[in-house]
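Asker: Pulled these from Swiss-Prot:
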{"type": "SIGNAL", "residues": "1-20", "note": "signal peptide"}
{"type": "REGION", "residues": "21-43", "note": "region 'Framework-1'"}
{"type": "DISULFID", "residues": "CYS43-CYS113", "note": "disulfide bond"}
{"type": "REGION", "residues": "44-59", "note": "region 'Complementarity-determining-1'"}
{"type": "REGION", "residues": "60-74", "note": "region 'Framework-2'"}
{"type": "REGION", "residues": "75-81", "note": "region 'Complementarity-determining-2'"}
{"type": "REGION", "residues": "82-113", "note": "region 'Framework-3'"}
{"type": "REGION", "residues": "114-120", "note": "region 'Complementarity-determining-3'"}
Amino acid sequence: MRCSLQFLGVLMFWISGVSGDIVITQDELSNPVTSGESVSISCRSSKSLLYKDGKTYLNWFLQRPGQSPQLLIYLMSTRASGVSDRFSGSGSGTDFTLEISRVKAEDVGVYYCQQLVEYP
């Protein structure tokens, strides 16, 4: 059976910090995705999120309809506890991708990226 799933990536954060502003943008993705396919969601930062400790402070969240956001990926590519290996994160200092393989109906929701380098 083929079912069409809707994914939505959105603009997440404009964070003011002492070193200047970091603007995080996501391309809106609302194209239908067929169950079993793969989908990529991109996120871009106006500044590098590679911190002086060598870690990249970029998180990915999924907010399913009627639920609170769930952490999927932290430090750019580390899956949170209990998150399926169908979810993977990758990227560089400013450009990031969340890849979802073998999409399922339960993956429907709003996907957010978040930076943790600067705080308001």
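Every residue, even glycine, has its Cβ placed from backbone N, Cα and C.
In terms of burial and nearby residues, how do these features look in this structure?
Answerer: Its Cβ taken as reference, CYS43 (disulfide bond) is surrounded by 27 other Cβ atoms within 10 Å in the chains shown.
Residues 20-26, 71, 73-77, 89, 91, 93-96, 113-117 of the same chain lie 6+ residues outside the region 'Complementarity-determining-1' (44-59) yet bring a C-beta within less than 8 angstroms of a C-beta in it.
Looking only at the region 'Framework-2' (60-74), the predicted model's pLDDT averages out at 96.
Here the region 'Complementarity-determining-2' (75-81) is broken down by DSSP into helix, strand and coil counts: 0 helix, 2 strand, 5 coil.
For the region 'Framework-3' (82-113), the DSSP-based tally of helix, strand and coil residues reads 3 helix, 16 strand, 13 coil.
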Asker: Counting only residues 6+ away from its ends, which parts of the chain sit with a Cβ under 8 Å from the region 'Framework-2' (60-74)?
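Answerer: Contacts of the region 'Framework-2' (60-74) (Cβ under 8 Å, skipping residues fewer than 6 from its ends): 43, 80, 83, 87-89, 98, 106-114.
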